[in-house]
């Protein structure tokens, strides 16, 4: 799995796999963003001003707000 510092940030992970160690987990991010992060395999438009949500399980830094 990718090193933590190379992962996209996600303030609110809504679903995660249950693996050990924690770094091995992939999650679905509940954040609504202006543009999906690079590597998101399922990016969907949502009906809000800022626009998109990555709906696929990806490696994230959960609980971190993007700068």
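Cβ from N, Cα, C; glycine included.
Keep in mind that this is a model prediction, so the values were computed, not measured.
Following the DSSP three-state reduction, the secondary structure of residue 66 (disulfide bond) is coil. The disulfide bond annotation in Swiss-Prot covers 9-66 (among others).
The 10 Å shell around the Cβ of residue 29 (disulfide bond) contains 26 further Cβ atoms across the protein chains shown. According to DSSP, residue 29 (disulfide bond) sits within a strand segment. Residues or ranges marked as disulfide bond by Swiss-Prot on the basis of similarity to another entry: 10-29 (among others).
Take the CB of residue 13 (disulfide bond) and look out to 10 A: across all protein chains shown you find 18 other CB atoms. The annotation disulfide bond is assigned in Swiss-Prot to 13-62 (among others).
According to Swiss-Prot, the feature disulfide bond maps to 16-27 (among others), an assignment based on similarity to another entry. There are 15 other Cβ atoms within 10 Å of the Cβ belonging to residue 16 (disulfide bond).
Swiss-Prot lists 36-43 (among others) with the feature disulfide bond, giving similarity to another entry as the kind of evidence. In sequence order, 43, 52, 53, 54 are the residues of the chain that are 6 or more apart from residue 36 (disulfide bond) and have a CB within less than 8 Å of its CB. Secondary structure at residue 36 (disulfide bond), taken from DSSP and collapsed to helix, strand or coil, is coil.
Its Cβ taken as reference, residue 54 (disulfide bond) is surrounded by 24 other Cβ atoms within 10 Å in the chains shown. The feature disulfide bond is assigned by Swiss-Prot to 40-54 (among others).
When Cα-Cα distances from residue 9 (disulfide bond) are compared across the disulfide-bonded residues 16, 27, 29, 40, 62, the shortest belongs to 62. Here residue 10 (disulfide bond) is positioned 7 angstrom away from residue 66 (disulfide bond), judged by their C-alpha atoms. A straight line from the CA of residue 29 (disulfide bond) to the CA of residue 16 (disulfide bond) spans 9 Å. Nearest Cα neighbour of residue 16 (disulfide bond) among the listed disulfide-bonded residues (10, 40, 62): 62.
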